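Student: As annotated in TrEMBL:
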{"type": "COMPBIAS", "residues": "258-280", "note": "compositional bias 'Basic and acidic residues'"}
{"type": "REGION", "residues": "250-280", "note": "region 'Disordered'"}
{"type": "TRANSMEM", "residues": "15-36", "note": "transmembrane segment"}
{"type": "TRANSMEM", "residues": "57-73", "note": "transmembrane segment"}
{"type": "TRANSMEM", "residues": "93-113", "note": "transmembrane segment"}
{"type": "TRANSMEM", "residues": "125-142", "note": "transmembrane segment"}
{"type": "TRANSMEM", "residues": "148-168", "note": "transmembrane segment"}
{"type": "TRANSMEM", "residues": "223-243", "note": "transmembrane segment"}
Amino acid sequence: MASWNSTPMEVTYQVLGWVAFVSWSISFYPQVILNFRRKSVVGLNFDFVVLNLTKHSSYLIYNATLYFSSAVQKQYFHKYGSEQMIPVAANDVAFSIHAVLLTALTLIQIAIYERGSQKVSKISIGIIVAVWLTAAVCFFVALSNHSWLWVICVFNSIQVCMTIIKYIPQAIMNFMRKSTDGFSIGNILLDFTGGLTSYSQMAVQSIDQHSWVNFYGNIGKTLLSLISIFFDLLFMCQHFLLYPAKKAQQIPPNSSTSEERTWPTVKSPDHDHPVRSENV
């Protein structure tokens, strides 16, 4: 396996990786906290969460297997060359584990909090069933000739597809409601930061190694960053430009009430001070 040519590049790579990990990991908490405070999940698209769980589970299988399995690493080096570096870092594995746990927690909130008439669509259920059936078939196909690199690449492809699909229901829901209320923008801002730093981390490794194998050797991570950045920009546009939160109208404390404004005053012939007229 190749080693780093530049110590500053290696340090930068590690720093960017853990910044991506922190940003992506913290990005789950604004939505969880918002749900907890409101005791409601209205405004959060359930398809987004369910598809997200499948996405992160697939990504965890890919990252953990390639990072820990010497057999899979051997197959990777055989395919891309022994002078290459493994395109999965410790922060990738840590993020995937954390993401699965927090997404599962969000599903628990959906089960226990007020959710109105929202439910998981049949289309999303069908997609999830088809995805896991496909993954099971691929696993048994790989079992006969031990094509483990191929099968985890299938899981990597699944997470890319889920990344594309999972954002669409929430974007459509925001469009239909003309509002982003109930969907945390904090989640999006942190996700955007994670996507930028993750892509930058891969660029640093490629520059140090004078090779772009890192990008297509782990095409899932590359596309994950780019797709996340694209949809995060879309959600930011919806939240800040298209459907900004409406400020509650407040009555100034010194202003009169509506009742007082509708009662005109007239002079009484027997009194020096004005009185309210009963009929005007």
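Cβ atoms are placed via backbone N, Cα and C, with glycine included.
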Student: Suppose I define contact as three or more CB-CB distances under 8 A, residues 6 or more apart in sequence; do the transmembrane segment (93-113) and the transmembrane segment (223-243) meet it?
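Tutor: Contact between the transmembrane segment (93-113) and the transmembrane segment (223-243): absent.
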Student: Give the nonlocal contacts of the transmembrane segment (223-243) in its own chain as ranges (CB under 8 Å, at least six residues past its ends).
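Tutor: Hits for the transmembrane segment (223-243): 59, 159-160, 163-164, 167, 170-171, 174-175, 177-180, 183, 185, 188-189, 191-192, 194-196, 198-199, 202.
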